[in-house]
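> Below you'll find the structure I mean.
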Amino acid sequence: MSRIRRMRDLDSNPCLEETDASTKCMDENQYQKDLCTSYFIKYKNCRKFWNGIMITRRREGTVPYMPAAEERKQILESLESLPY
């Protein structure tokens, strides 16, 4: 699978919504980054959160390291609020 296709795949990219929101903000604001800072922070926090999950699963020997989309949904539902 190509890198671009993998980044658009919900199973491979847990932060697809945040990616799309950041891109949309940039498009709507003529690429003025300072107007989209909150979107960038949310994306960065999303990547940090799922990277931590991947590291934990790798340490525990759980395969695949990145949970599938359905499993990620269950993980987020088990938390009281969105961690990012």
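From the backbone N, Cα and C atoms, a Cβ is placed for every residue, glycine too.
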> Would you mind checking which of CYS15, CYS25 shares a disulfide with CYS36 in Swiss-Prot?
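Here Swiss-Prot pairs CYS36 with CYS25 via a disulfide bond.
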> Between 15-25, 48-58, 59-69, I'd like to know which one Swiss-Prot lists as motif 'Cx9C motif 1'.
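Comparing 15-25, 48-58, 59-69 with Swiss-Prot, motif 'Cx9C motif 1' matches 15-25.
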> Could you give the residue numbers and ranges of same-chain residues that sit at least 6 residues beyond the domain 'CHCH' (12-54) on either side and whose C-beta is under 8 angstroms from one of its C-beta atoms?
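Apart from its flanks, the domain 'CHCH' (12-54) reaches 1, 6, 65-67, 69, 72, 75, 83-84.
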> With every protein chain in view, what's the tally of Cβ atoms within 10 Å of the Cβ of CYS25 (disulfide bond), excluding that atom itself?
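Result for CYS25 (disulfide bond): 18 other Cβ atoms within 10 Å.
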